[in-house]
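Everything below concerns the one structure shown next.
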Amino acid sequence: MTVTSSAAIDIGGGGGGRRSDRLDSDRTSEDMSFIASPANESFQIGASFVDVQNESSGSIDTATATLHELNYTFGMPPVTEESENMPQNYETVVELLPGEERAPINKLTEFPIEGGSLFVTNFRIVVILKDKEVEEALRFLVFPLQDIEQIDLAIPAFIHLSLKIGRMFTICFKTAEDAALVHKILYTAFQRLNRPISSIYTSRPQDWTSKNTDNPMQSLNAFAWKFSEAVDELDRDGKLPSWLLRADSVAQEITHIDFNRLGMSEHFQISSVNENFEVCPTYPEKIIVPKGITDDDIRKGAPYRSIGRFPAVIWRCRKTRAVLMRSSQPQVGILSWRNPTDEKIIEEAVKASRIEGEEKKQFIIMDARGYTSAFANRARSGGFENTEYYQQAKLEFLGLPNIHAVRGSFNNVRTMLHNLGPNEQLLTSLQTTGWLLNLSNLLVNAANCADHLSKGHSVLVHCSDGWDRTTQVTTLAKIMLDEYYRTVKGFEELIRRDWIAFGHKLYDRQLVAFGNWGTSDERSPVFLQFLEAVRHLQREQPTLFQFTHAYLIKLAKHAYSGLFGSFLFNSHKERREAMEKCKGTLVDIWRFIGPHNEEYVNQSFDEHYTGAVKPVNVSVINLRVWHEVFADEEEHYTQIFSPKEERPLSGCTTPMNTSTSTNLVKSKSSESINSLNVDGSAKESSQQHPTCSTTPSDNTNSLPMSTSFIQQSLYQPKVRGVAAIDRDGVIRFEDDEQAMLRKKNKLRAEEIRRKDEKIEELRRRAVLDTNKVSPGQRQSYSESDVETTGTLERVMSDVSMVDPVNELPHFKPNTTWEGESGHCAYCKKEFNKLSVYVEDRQHHCRNCGRVVCEDCSKNRFSVIEEGKSVQKRACDSCYDSMHETDLKLSSSSTTTTSSSTKIENDSNVPGLDNNSDNVSENVSENAIPDIIVEEKEAEDPIKEAESPSKETKCPKTLRNFISFSPKSSMRKNKVHSRDPLKSIDEGSSSQQAESDDVLDVNEQPL
């Protein structure tokens, strides 16, 4: 076919002039890179071609190329590339959450960075690091927008991220303009998500839109609202995500659960005095109080405590009846005020724990502050209790650090982990942070509280406001004492009631205050410190906790992610008001990490263990930093402690060295806390954000070429690619030990299921077979009744071991066994020959040979076989006859009687010839004849018997009296013990008795 074409198009420079000067018909040229354009525009060509315009200008940047794809028909829209330097608009396959949308950056949904790309949504920042050789996404990094604590722009093209959960990262861009553009968008989101809670809910949070291409984050709100709206819509359409439970699966009222479980109805009651949050705005709607306290008493006593947080009962020891209470500091003031109603509430609660007739135990008041701090608060109408006003009271000061000291130590440990100095200074740097020391003090005081309760002392715990250190101490003590709170369901109720319902300021503790929104910074990782303390207990005693390490990590991440509504408010009151204004609902995290999710259930949990935890070493030397949370999820623990010069640097890295260069552009002023620390600790120093001093191109060879494969693998993620992102949109934590245990348990459960199905199939077939086959036609021989044929030497060895003195009294060896029978010889019970259960099968008495059932042959007698005592089955009739001691025969008469009986029995068996060396082939219908050992089987000389009497060799004629079982299995002679009568209960093993038939060997007197 001939194609009319125009002049050839030049698609690249080269020697020999322009390709357009050549003719299309010139097929002899080796350079076939030119592609002709057809003159007929409606003609469909079979190859791709490129139309280059503005080529004559001589500038590559101004030239444009139009790519016409395979089988192109003229008139189709072309693919145009203006410049080879222009970034392509492609999207990495990352599954978005319900309600999640990508925000365009410079009209691109995926923005290029050094070593990969990133994209931003209304929930998170996703960084994709790729392999340049294979263009494969090797690693994904996820940063929830609400988790960002600080975002800084650094010269030449860096963005530093500090996260509230403790991680720090540096993103490297190709140009400074790209870094500034992304920083502007992220900083707007940072401002929007750190507004005071009072200014957030003036409009509907669901109104976020990404249509504003200049800055799509100008109307951003917490993603939890958009996520909940999308999930509710999917639920109505029947398309709820499989990893989420329905909303009604989470109990709304949890106070009654503990009240009923602990049996508190006798002395306590649930009060609804705070139903509308009028008494205390930070307390839950329902509170447990003593029965002797009325609602009016609570209203009168609440103002005496700071913010109205009066003493409330939160737990009771079922063993000692001791009560655990919580409150805020009393309003004592300089004049030492007192309140009789407050004293009455405490007295009634303590009275319920005292047992009449026993010695009264002391009432312990644990003030989480130090004495100096508590005394200084008296100037602000605060203070501590006067023990003279409370019966048998004792006051203890715990000296735990306040939120500012906790925040300072957390910042120090975060900086230390991501900006390590020489390895020899590691322990010194860690000690300087004070983080592990604070953690140890918290665990020690919680253990002391648990010890008081276990000894029967009722305890009241409070600090200044009663929602930070108070919550930490009380919840840790409850975990140490009550096994229920160490389960997934119990730990969920503990968080929901003691932390969320009792008003821990979860939102304010993660809020970054800046600008004109307030001078006081209340952010502090109090909840994160509590989770790390629980992690230490779990690491010390892993079998006592039903939830896994991954469960705690997921809680820590979503406490700051903004995905779930569980941690977005300071109290129940704020959540209720926000939901009323927004007319929406929120998804709780418990719909995701409940006990229904096997990933968060410990496979080695000991569910039978009850009571308090075993003694735990809580000293500083036994603690370690929670690296899985504070550092990168996919870094191995060894990377943090490796030399800096051996660490690979990529497009998104952890800062490696500290720099004081002025190139760092701070987007917010450095933090400086100069307020008085009443606990006596030092001022909190301002934090300088670390930077990277070199660009990625300068460090491409930072990993030595001689590094082994094992060393290089330390820097690789455990899970490569998009599989590292979990269903909730954050990086998955891989617990290899739990994964292995889950696999083993699944295989075990599958094996049990298959065996159950097999048993059920056998039962079904047995029922069908019973209905089809008559009892007279059924013939079955148990495998236990079949024995392999032994040699003559072994038989003769058994014969030589016969000791007539030790034979059983009144024992009648049988030569004929009853054949197959459909019922028991005594109780006439029908047998099921296909049943796998011993109770439904037939058995033979090893004395008389009758066919009996399990119920009629529960007794056993003992014999000696090969020097070992073996239990044999006996029917009830034979067993009773064995107890007739008056019929006991002498050893000689027993031997004679046994021999004569054998001769008489053998003479009556069809086909048996005592004078012949051959086996008779006459087989009756109901009996199988005995088999006589032929003379050729004794080719080897018969060994001398190992008898004490040193008998001579057995004569040749003896072989005629060595008989075998009617079922063609050779019978061994039994040597019986002197004490043969032994009864075993029904639970003993009957398998041995089933498999060992009595082998009768009788010696003919010569």
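Placed from the backbone N, Cα and C atoms, the Cβ positions cover glycine too.
The shown structure was predicted, so the numbers you read here are calculated from the model rather than taken from an experiment.
Within the set 1-29, 755-783, the record from Swiss-Prot flags 1-29 under the feature region 'Disordered'. Most buried of the recorded positions CYS463, CYS878, judged by other Cβ atoms within 10 Å, is CYS463. Ranked by how many other Cβ atoms sit within 10 Å of their Cβ, the binding-site residues CYS827, CYS845, CYS856, CYS875 place CYS827 at the bottom. Relative to CYS853 (Zn(2+) 1 binding site), the recorded positions with Cα atoms inside 10 Å are CYS875, the candidates having been CYS463, CYS875, CYS878. When Cα-Cα distances from CYS875 (Zn(2+) 2 binding site) are compared across the recorded positions CYS463, CYS824, CYS827, CYS856, the shortest belongs to CYS856.
Here CYS463 (active site, phosphocysteine intermediate) is positioned 79 angstrom away from CYS824 (Zn(2+) 1 binding site), judged by their C-alpha atoms. Other than CYS845, CYS848, CYS875, CYS878, the residues of this chain whose Cβ falls within 8 Å of the Cβ centroid of the Zn(2+) 2 site are, in sequence order, ARG846, ASN847, GLY849, ARG850, VAL852, SER857, ALA874, ASP876, SER877, TYR879. Each residue contributes its Cα atom, and for CYS878 (Zn(2+) 2 binding site) and CYS856 (Zn(2+) 1 binding site) these two points are 11 Å apart. Counting in whole angstrom, CYS848 (Zn(2+) 2 binding site) lies 13 from CYS856 (Zn(2+) 1 binding site) by their C-alpha atoms.
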